């Protein structure tokens, strides 16, 4: 499988930014800015770009069963809230191949254990449960053609995510004044989604529209998604990016080099509180202190109106051993304890704008979220 895949037929494509051509709000050169695909359904298996090995090794893992997909999600072979939802949907399609059923309701009963194992792979990201809920509904309504129905539903989830990302890119970029510097955290690009990205999609659109003058990315310990993935993605697009240590972010803001911090989300609560990669909360605090604006970009599938506030979010804890070294080389003495939460929660009052494909919510709170999402 090729890592770089052409844009879908019918995609509006402007003249390439390589030759200095201008782009408009509705025309971005997606052939340049949206050509990385981490997930591919082959018809027989789910192929995942192994993100644990980037940027030095480009390798794909084939999953032939739903349990292999669940393991890939848990092991971070595939990561990013939208991407794991898409992968889980295809996991249901794979599980369906192992059962016989006369209609969708019977199939759902037999598939429920597989769905539960997929859902348990990463508990914090709401997109995972959202995608599986869609697959359940599709099965409940399906008749004898239920196999075709679940395949079509998984493809629809992927297609809708890509369209949402491109829409959010335009909306988010519209908030940014020309010449701005931006800082991002973790990886929120094509590798974390069906394509283009959420926060990184806004950055791609902003660069294409010549609104963003400089891009900074935090390294994002302990898995180094910023260092390994984000700056690599931007390099593939020909976008200059400057990597910083996570601990340098406040000083960077103090210099005046950035006007926006732009991040993704794994769960957005009914009051605007947002769970995202560990380290996001401290960026929001620093941004508020330095007068830097803070943007969260995520599809509406990440919004969880059933969770009133971030205090109710289950925060995934990973192996403390992930903090003991880098790249397989131990850097910490034996006998040391470590605490390794994967996510933190940024209060809604520290967020200037939440961008979804439905629109922009400025100064999010419970009333604004209710008006946007019911």
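Cβ coordinates come from backbone N, Cα and C, glycine included.
Just so it is clear, the model here is predicted, and its values are computed rather than measured.
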* Asked: 79, 80, 81, 225, 276, 277 bind substrate according to TrEMBL; which of 117, 122, 318 goes with them?
  -> 122
* Asked: Of all the binding-site residues here, 225, 276, which one's CB has the most other CB atoms within 10 A?
  -> 276
* Asked: Greatest CA-CA distance (Å) over the residues 79, 80, 81, 122, 225, 276, 277 that the record ties to substrate?
  -> 17
* Separation of alpha carbons, residue 266 (active site, proton donor) and residue 81 (substrate binding site) (Å) -> 5
* Asked: What recorded positions among 225, 266, 276, 277 are found with a C-alpha within 10 angstroms of that of residue 186 (site 'Transition state stabilizer')?
  -> 225, 276, 277
